Amino acid sequence: MACSMANAVRPGLSDLPEGVDLSNPKEVRSLLIKLTHARKSTVYDTKIRRLHGVIVNSIMENYNSAEGELDMAITPLIPSHPDYAFLAGRVSAYMTQINTPKTFTDAVYGIQMAVGETNGFRSPMKPVKGGLSDEIVDFVNEHGARLDGMIDDVRDYSHNYMGITGLLNGVAIKVNKKLYERPQYVFMRVAMAMTDLSSETALEDIWQTYMLISGQCLSMASPVLFNGGTSSSNTASCFLLDMGDNMVSITKKVAQTMTLIAKNGGIGINFSKLRATGSKIGMAGKSSGIGGKLNLFDRVAQSVDQGENKRPGAIAGYLTDWHADMYDWLYSRYSGSGNEVNKRHVLNMGLVMSDLFMERVENDKEWSLFSPNDVVGLEELYGEKFVRAYRAHEANPKIKRTTVSARKLFSDIANMMWSTGEPYILFKDAVNERSNHKHLGTIKNSNLCCEIVQYCDTNEIAVCNLATICVSNFVNVETGEIDFEGIADAAGVACKGINNLIDKQNYDLGNEQLMRLADERTEEVVEVNGIKFDAKYNLVSYSNLKHRPQGIGMQGLHDVFMKLKIPYDSEMAFRLAALIQEAIYYGAVRESVKIAEEKGPYPSYYWDNNTHREGKLQFDFLEGFDRDRDLTHELFNWREVLKKFEKFGINNSVVTAQPPSASSSQLNDNVESIEAITSNRFTKGIKDGKFIIINKHLQKDLEDLGMWDAQMVGDIEANDGSIQNIERIPKNIREIYKTAREIDHKAVVKICAAIQPFIDQTISKNMFVPKNVDNPVQLIMENVILGHKMKLKTGMYYTRGIPAMKQQNFGKMNFQDKDIGKPVPELVDCEACSA
């Protein structure tokens with residue numbers, strides 16, 4: 001696999017010599033001071049001298065004080081050159097290495113011993129409740145020396161300060177506040193979790209996976225990093241729930257939501273079955289509507305803790321576009337309107353839109369709102385069946401309805417999107433017409449980030465398991481080539497690894513909250529590795545093992561464009577995005593078919609009306625798509641893969657999705673997901689403080705042009721991270737480095753449309769509203785309408801308005817040219833550390 005990071009440290013920073021003994025304090029001290037000297041100034045820089053005299057010596061003497069010195073001494077220099085962020089990361093990496101066990105095996109035993117002591121049991125060689133998983137400990141007992149030999153500690157030095165701090169604070173295992181893992185130990189633990197350790201090729205598979213993850217070519221979702229290889233081992237990212245219109249179901253969903261949030265999952269819930277305000281209950285009762293339920297789940301999200309250093313609980317509730325409580329729901333987060341009792345503060349909301357609603361918006365027609373208990377079954381329909389039933393309900397005088405202007409409602413929705421960033425928009429017809437889960441039923445909601453579309457009902461909790469390919473590290477900058485086969489191979493490794501995670505996940509089988517109600521149990525059984533997962537036992541295991549869903553996507557797409565000098569809003573970018581996504585889909589499908597050849601397809605593959613059994617993949621749902629014409633056969637051996645797919649089936653019902661990748665992109669120093677960079681100068685929070693980052697690609701290009709100086713740093717700051725008004729920068733450079741608010745808002749829609757044929761699920765698509773736009777609400781409406789016309793499944797995740805505070809209000813920097821040094825390719829000896 002030719003990922004540029006898989007076998008080396010970061011290009012342009014590959015100044016770490018081979019053979020450095022990282023366990024020798026004297027050698028590492030010498031190395032760090034040499035790295036500090038890898039910057040030169042026309043005048044000797046007192047800040048860098050202070051870095052020598054204080055930071056490195058503090059590292060050798062006192063870890064805690066060194067952390068504070070690092071923040072004070074290095075981070076203020078980062079705006080002058082991105083390499084300071086890597087220097088800070090390298091110093092932090094060394095501090096971590098001298099304060100964690102010397103080998104991976106020692107770390108495993110240390111964790112087990114510490115957890116065992118907490119539980120009153122001392123034996124590092126045996127499994128301990130709350131520690132690492134039994135299979136990890138057993139495998140380390142047998143193969144510890146081989147695993148230790150795989151660890152490449154130099155790779156810890158390829159992370160910038162933001163990335164390594166995120167890993168250490170949010171992912172690495174601590175017991176009683178003592179840190180046991182450095183980044184490489186995290187990656188090895190995750191690689192082992194993603195491997196079938198009973199396989200004859202286990203060590204080879206661990207090595208392959210470890211190389212990709214530690215090389216920043218493959219990034220696993222947060223729950224995998226948190227829990228992979230531990231006894232808790234919930235590695236799923238997303239859970240989708242469907243709530244019924246009765247107190248038993250509502251109570252059950254509250255309990256299930258609390259349970260799943262505690263497992264580090266993000267939650268998406270369908271609220272559309274709940275009857276509207278004033279609807280009849282029993283003989284004389286009346287419903288309070290969805291408002292109180294929103295507030296209930298809002299409090300759940302605020303009250304459940306996912307554990308130290310992990311992300312807070314988060315829930316998204318979805319509502320259909322014809323629900324009679326539409327306006328109560330719409331204003332539930334707007335402080336100036338609605339009933340305060342029904343307010344939500346952290347609960348996110350999504351709207352499920354039909355083609356019929358969009359048609360009536362376009363034609364300026366009326367739209368009818370109903371209570372679900374008056375139109376039972378309507379939410380299960382889509383397409384022409386929905387249109388016929390909806391019109392019949394409108395024509396029925398016995399059914400109560402509220403009539404509104406479709407265009408006015410759409411405008412009010414867009415106003416809320418501008419004001420609050422929500423609701424998300426999910427296009428129901430596009431989702432279901434191109435669903436791999438048609439054989440299961442109608443999809444009625446998405447997940448927390450609006451990229452997962454899987455079937456769920458009151459007796460089945462949909463699950464998804466995520467990864468992203470760091471596509472920017474498959475670019476050869478010197479030749480301008482992209483290693484598409486390497487991307488496909490990485491997607492295959494992700495697919496194989498996620499399948500192992502699905503099999504090994506701790507499904508909490510005895511948890512009453514995750515069981516079917518007694519009168520709704522069946523005798524269906526799924527068997528994996530000799531363990532029978534009964535439908536009557538657990539709703540999560542049933543869904544995950546029956547359908548084996550995955551969501552493999554990408555991060556760093558804009559990094560690819562910037563490396564290759566391609567504007568984000570160009571036709572070249574749209575075509576390149578499609579090729580990259582095709583590579584990911586090809587690699588994932590190829591591996592899933594290979595697994596099916598060995599182990600068989602996913603169990604629900606054999607159910608009636610399964611589109612995979614009909615020989616269809618996602619691109620086959622698109623009208624006019626021709627496999628011979630539209631697949632890139634010169635790059636990918638699609639014909640061979642499709643032949644095997646038709647013969648053996650596929651091991652996963654869905655393999656691709658496009659998640660937002662916010663935290664993992666930070667760890668890997670990439671622009672998030674498929675998005676354009678938000679600014680060329682931005683602030684990042686680390687620990688208790690913040691520091692400013694300059695776009696590293698822009699800085700390099702300006703440095704190559706001889707334009708990187710103190711004046712340029714100041715100009716970028718004065719323009720709030722934009723370079724469009726800095727006329728001394730060549731126009732072609734300004735085109736390449738337009739930010740998310742400066743590119744044509746249609747560009748991200750076109751990127752999504754380009755990659756959608758190769759995404760089984762959907763795309764977490766944001767909109768960044770341009771500055772100084774005359775009518776932002778109108779622009780939001782146009783963006784959603786364009787997404788609908790281009791057949792996207794997700795019309796919108798977040799709508800990003802203009803931040804209230806300009807970024808230059810924080811940490812205004814004053815640099816002189818002497819502060820703006822250039823990296824020196826060779827290391828410079830320093831007499832101060834030669835002793």
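Cβ atoms are placed via backbone N, Cα and C, with glycine included.
Here the structure is a predicted model, which means the values were calculated and not measured.
Residues or ranges marked as active site, proton acceptor by Swiss-Prot on the basis of similarity to another entry: ASN447, GLU451. Marked as active site, cysteine radical intermediate by Swiss-Prot: CYS449. Residues or ranges marked as substrate binding site by Swiss-Prot on the basis of similarity to another entry: SER222, SER237, CYS238, GLY266, ASN447, LEU448, CYS449, CYS450, GLU451, PRO660, SER661, ALA662, SER663, SER664. Annotated disulfide bond per Swiss-Prot: CYS238-CYS464, in sequence order. For CYS238, CYS464, the entry in Swiss-Prot reads site 'Important for hydrogen atom transfer', with the evidence type similarity to another entry. The site 'Important for electron transfer' annotation in Swiss-Prot covers TYR797, TYR798 and is backed by similarity to another entry. Marked as site 'Interacts with thioredoxin/glutaredoxin' by Swiss-Prot: CYS830, CYS833.
The structure, with features from Swiss-Prot marked on it.
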residue: SER222; record: substrate binding site; DSSP (3 states): helix
residue: CYS238; record: substrate binding site; DSSP (3 states): strand
residue: ASN447; record: active site, proton acceptor; DSSP (3 states): coil
residue: CYS464; record: disulfide bond; DSSP (3 states): strand
residue: SER661; record: substrate binding site; DSSP (3 states): coil
residue: TYR797; record: site 'Important for electron transfer'; DSSP (3 states): coil
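In this structure, of the recorded positions SER222, ASN447, SER661, SER663, the smallest number of CB atoms within 10 A of the CB marks SER663. Nothing from the recorded positions SER222, CYS238, CYS464, SER661, SER663 places its Cα within 10 Å of the Cα belonging to TYR797 (site 'Important for electron transfer').
Cβ packing within 10 Å was compared across the recorded positions CYS238, CYS449, GLU451, CYS464, TYR798, and the lowest neighbour count falls to TYR798. Of the candidate recorded positions, ASN447, CYS449, GLU451, CYS464, TYR798, the one lying closest to SER663 (substrate binding site) when CA atoms are compared is CYS449. Taking the C-alpha atom of CYS464 (disulfide bond) as reference, the shortest distance to any of the recorded positions CYS238, ASN447, GLU451 belongs to CYS238. When the Cα positions of SER222, SER237, CYS238, GLY266, ASN447, LEU448, CYS449, CYS450, GLU451, PRO660, SER661, ALA662, SER663, SER664 are compared pair by pair, the longest gap among these substrate-binding residues is 18 Å. Straight-line distance linking the Cα atoms of CYS449 (active site, cysteine radical intermediate) and SER222 (substrate binding site), rounded to a whole number, equals 14 Å.
Taking CA atoms as the reference points, SER661 (substrate binding site) and GLU451 (active site, proton acceptor) are 11 Å apart. All protein chains shown were included, and the count of other CB atoms within 10 Å of the CB of TYR797 (site 'Important for electron transfer') stands at 28. Taking only the Cα positions, the spacing between GLU451 (active site, proton acceptor) and CYS238 (substrate binding site) is 10 angstrom.
When the recorded positions SER222, CYS238, ASN447 are compared by Cα distance to TYR798 (site 'Important for electron transfer'), the shortest distance belongs to ASN447.
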